[in-house]
């Protein structure tokens, strides 16, 4: 072969090599660009769904106020409504300043608490959170703000008519920082230690219901019983309020559970569906037990309380189990809550509106049942890329329930210890003592703390009153 031929072959080989190199470079750049587009692209459908879910969860806050106001005595009803919104304002400010960053920062190396990456909500509109990659970080922060706001409002009912407003607001700020935020990070943040252990908690059975429920227990024990506890029966002053509040909570809960997927996908539908089935079953179970055990008629209060207990129980597993299992969740949570109320009455624990029974017990029951009934066919659907799909006992994953039980113990202990410390410290500060005076408790917090009354403008039907008096005189 001539020298010229060899040179031609060498040139051709060099050209092929250069072409392959260029192809690899271009192909690699294309792959990187595609991966980047997957990571950074936002989805308009997901944004619309999460905006709706956020709005629905907000409705739960005044809905909870109505629910509690109807269950309470009339002299404390406006205070409960008012305090729910005061708590919203306090937590919203805390969340914007540093709460969201502590709970959901992406760059923290800690497995328990975030850093100040998103303090003052800086750089949240142009970025996406690792666990909600298809919506702006600012929207995820807003959605999670609603969950953070309703959680401390839940424990209000445990001490209805006994806690002063100013200490309640101060306590809420520090409680959200010390109790709520670390648990939020541990359970939901990208490298939270419970998340990396594959804890199954879809929408906050630990974060929302267990923290609120065990805080309610501590508050009930530390505040002590009402001054006339055991001397008379406390009437639920407005069952209509309870029903309206239940309806708003039920509506909002579909956004609460469905929004946790951060996407408009089949997982969101599954969460909303299981939530509805659990509530429907739980309402009937509590009402039925009220009828059989307490010898009542078909109680509206029993139905509404049971429905809320069922949704609290379903929160952890709503996105992990087949819809039909929602009936089991609802029945179990409702029955357990009902008998916890009976136990508390026997032990003379004055949890005024049964918050511990509904939320702490419901949260624990739901977490265990999730470890039993979660299935790969659900957990592997629409799953985030950084999460490993797991399941429960029905798919022979025998270590899942122990993981769930570990989370229950840790979250309960963290909540009880830090709530007790906060109550002790704040109660020693002048002006921040929690318990109202005996006189204020008897007169009611609407008058003594708010200075307004829920029914002060209700007209008196003098004509009807006169007719009743005439009938009474004629009977005499």
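Using N, Cα and C of the backbone, Cβ positions are placed for all residues, glycine too.
Per TrEMBL, the feature signal peptide maps to 1-18.
Positions annotated as transmembrane segment by TrEMBL: 47-68 (among others).
The domain 'Ammonium transporter AmtB-like' feature in TrEMBL is assigned to 48-455.
Listed as Cβ neighbours of the transmembrane segment (80-103) (distance under 8 Å, sequence separation of 6 or more from its ends, same chain) are residues 61-62, 64-66, 68-69, 72, 113-121, 124, 141, 144-145, 148-149, 152-153, 156-157, 160, 165, 168-169, 172-173, 176-177, 180-182, 184-185, 188-189, 450, 454. Annotation source TrEMBL lists transmembrane segment at 80-103 (among others).
Residues or ranges marked as transmembrane segment by TrEMBL: 140-158 (among others).
Non-local neighbours of the transmembrane segment (165-188) in the same chain are 79, 82-83, 86-87, 90-91, 94-95, 98-99, 102-105, 108, 110-114, 131, 144, 148, 151-152, 156, 194-195, 199, 201, 204, 206-207, 211, 215, 407, 411, 414-415, 418-419, 422-423, 426-427, 431-434, 445, 449-450; each lies 6+ residues outside the stretch with a CB under 8 Å from one of its CB atoms. According to TrEMBL, the transmembrane segment annotation covers 165-188 (among others).
The transmembrane segment annotation in TrEMBL covers 200-220 (among others).
Here TrEMBL flags 240-256 (among others) as transmembrane segment.
Long-range contacts of the transmembrane segment (268-289) within its own chain (CB-CB distance under 8 A, at least 6 residues past either end) are made by residues 49, 202-203, 250, 253-254, 257-261, 298-299, 302-311, 313-315, 317-319, 321, 323-327, 329-331, 333-335, 337-338, 378, 381. Per TrEMBL, the feature transmembrane segment maps to 268-289 (among others).
The transmembrane segment feature in TrEMBL is assigned to 301-321 (among others). Within the chain carrying the transmembrane segment (301-321), a Cβ under 8 angstroms from the stretch's Cβ atoms is held by residues 67, 71, 200-206, 208-209, 236, 239, 242-243, 245-246, 249-250, 253, 256-257, 260-261, 267-268, 270-272, 274-275, 278-287, 289-291, 329-330, 332-334, 337-338, 354, 357-359, 362-363, 365-367, 369-370, 373-375, 378-379, 392, all 6 or more beyond its ends.
Annotation source TrEMBL lists transmembrane segment at 327-345 (among others).
Marked as transmembrane segment by TrEMBL: 357-378 (among others).
Taken from TrEMBL, the feature transmembrane segment covers 403-426 (among others).
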* Structure fact -> Over the domain 'Ammonium transporter AmtB-like' (48-455) the mean pLDDT stands at 94
* Cβ contacts under 8 Å made by the transmembrane segment (403-426) with residues that lie 6+ beyond its boundaries -> 167, 170-171, 174-175, 178-179, 182-183, 187, 194, 197-201, 206-207, 210-211, 214-215, 217-219, 222, 360, 364, 367-368, 370-371, 432, 434
* Test the contact criterion for the transmembrane segment (357-378) and the transmembrane segment (200-220): 3 or more CB pairs under 8 Å, pairs 6 or more apart in sequence, then answer yes or no. => yes
